[in-house]
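Please read the structure below before turning to the comments.
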Amino acid sequence: MNPHAKLMSSLSLMLGTTITISSSHWMMAWTGLEINTLAIIPLISKSHHPRAVEAAIKYFLVQAAASALVLFSSMTNAWFTGQWDITQLNHPTSSLLLTTAIAMKLGLVPFHFWFPEVLQGSSLTTALLLSTVMKFPPITILFLTSHSLNPTLLVTMAITSTALGGWMGLNQTQTRKILAFSSISHLGWMAIIIIYNPKLTLLTFYLYSLMTTTVFLTLNVTKTLNLPTLMTSWTKTPMLNATLMLTLLSLAGLPPLTGFLPKWLIIQELTKQEMTTAATIITMLSLLGLFFYLRLAYYSTITLPPNTTNHMKQWHIDKPTITPIAVLTSLSISLLPLSPMILTMI
């Protein structure tokens with residue numbers, strides 16, 4: 001890809017995200033979302049492979065439909081209430097339309113079909129952007145309108161997302177698709193708590209982004225696109241695979257790793273809101289996700305390929321991406337003891 005085009009797309013991506021998260025007017029938020037969509041499309045289709053072009057078209061169609069719904073929702077709200085302010089979403093139909101639009105943008109069930117396919121057609125770095133940066137503006141809009149949203153609809157979407165994210169990830173062999181279903185499952189955890197404690201949703205998103213970034217960057221260094229490759233990468237970079245295993249277990253939410261913190265806080269908050277049944281269901285469904293994270297961890301470190309390799313193991317890798325991976329991995333597995341300090345910040 002042309003470096004100038006890449007720079008332009010990256011700057012537009014940052015600009016679109018900044019406009020959306022800092023705006024209070026619906027039209028500005030919509031403009032930021034549109035800039036974001038147009039900026040990521042060249043990055044998805046940069047390889048010119050038919051799969052990548054297909055992924056870009058799917059992404060464009062879904063995001064265009066979702067943006068149209070956002071615009072329709074805001075105009076309906078302005079028509080009935082005279083308000084263009086994002087926090088003043090008082091009309092019930094507008095609220096319903098907005099929830100649908102944001103669910104489409106994020107990939108919540110039942111609007112999740114595009115997400116695994118688009119991730120599979122993208123490179124690992126673009127898939128990382130789609131899983132983290134592109135989710136931030138829609139989650140910000142949900143955060144700003146959380147007091148107006150329909151609790152029953154969101155809880156239903158959240159539980160079905162966690163169930164389907166765990167269930168569909170069980171028999172996948174492609175790492176990008178596994179991480180796509182992992183993202184859908186985590187979005188379920190974020191959606192269930194957005195009405196009751198919006199700041200907790202943001203904390204969950206930040207920690208999820210931290211752990212997912214670590215996994216994607218590690219897979220990018222080892223060039224791992226499927227599980228058989230993950231099995232053989234142990235012989236090349238043993239230390240990197242060992243830290244990948246810990247990050248995957250953290251993403252699964254096992255104590256005493258970082259990923260346990262948001263799940264623990266969400267279950268605690270749901271219990272306070274007398275939603276013990278929902279908390280129990282979503283916790284049980286997260287066991288499905290735990291299974292495929294354990295399978296990934298098992299493939300990355302415990303299984304050894306039957307054939308021996310002749311080259312030396314790379315215990316130290318001279319690549320510029322290793323320092324960020326080291327920092328991100330440390331944060332992904334060791335933030336739980338700092339939870340009192342983190343809780344004072346939210």
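Even glycines carry a Cβ here, placed using N, Cα and C.
Note: TrEMBL annotation is automatic and uncurated.
Here's what TrEMBL has on this protein:
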DOMAIN    23-288  domain 'NADH:quinone oxidoreductase/Mrp antiporter transmembrane'
DOMAIN    290-343  domain 'NADH dehydrogenase subunit 2 C-terminal'
TRANSMEM  56-75  transmembrane segment
TRANSMEM  95-115  transmembrane segment
TRANSMEM  152-171  transmembrane segment
TRANSMEM  178-196  transmembrane segment
TRANSMEM  202-221  transmembrane segment
TRANSMEM  242-266  transmembrane segment
TRANSMEM  278-300  transmembrane segment
TRANSMEM  321-343  transmembrane segment
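For the transmembrane segment (242-266), the partner stretch with the highest count of Cβ pairs under 8 angstroms, out of 56-75, 152-171, 278-300, is 278-300.
The list of residues near the transmembrane segment (178-196) in space but at least 6 beyond its ends in sequence, with Cβ under 8 angstroms from a Cβ of it, reads 106-109, 112, 115-116, 119-120, 127, 131, 135, 139, 142-143, 146-147, 149, 151, 154-155, 157-166, 168-169, 172, 204-205, 208, 212, 215-216, 251, 262-263, 266, 269-270, 273, 278, 282, 285-286, 288-289, 292-293, 296. Long-range Cβ contacts of the transmembrane segment (152-171) within its own chain (Cβ-Cβ under 8 Å, at least 6 residues beyond either end) map to 96, 99, 103, 108-110, 112, 116, 177-178, 181-192, 194-195, 275, 278, 281-282, 285-289, 291-292.
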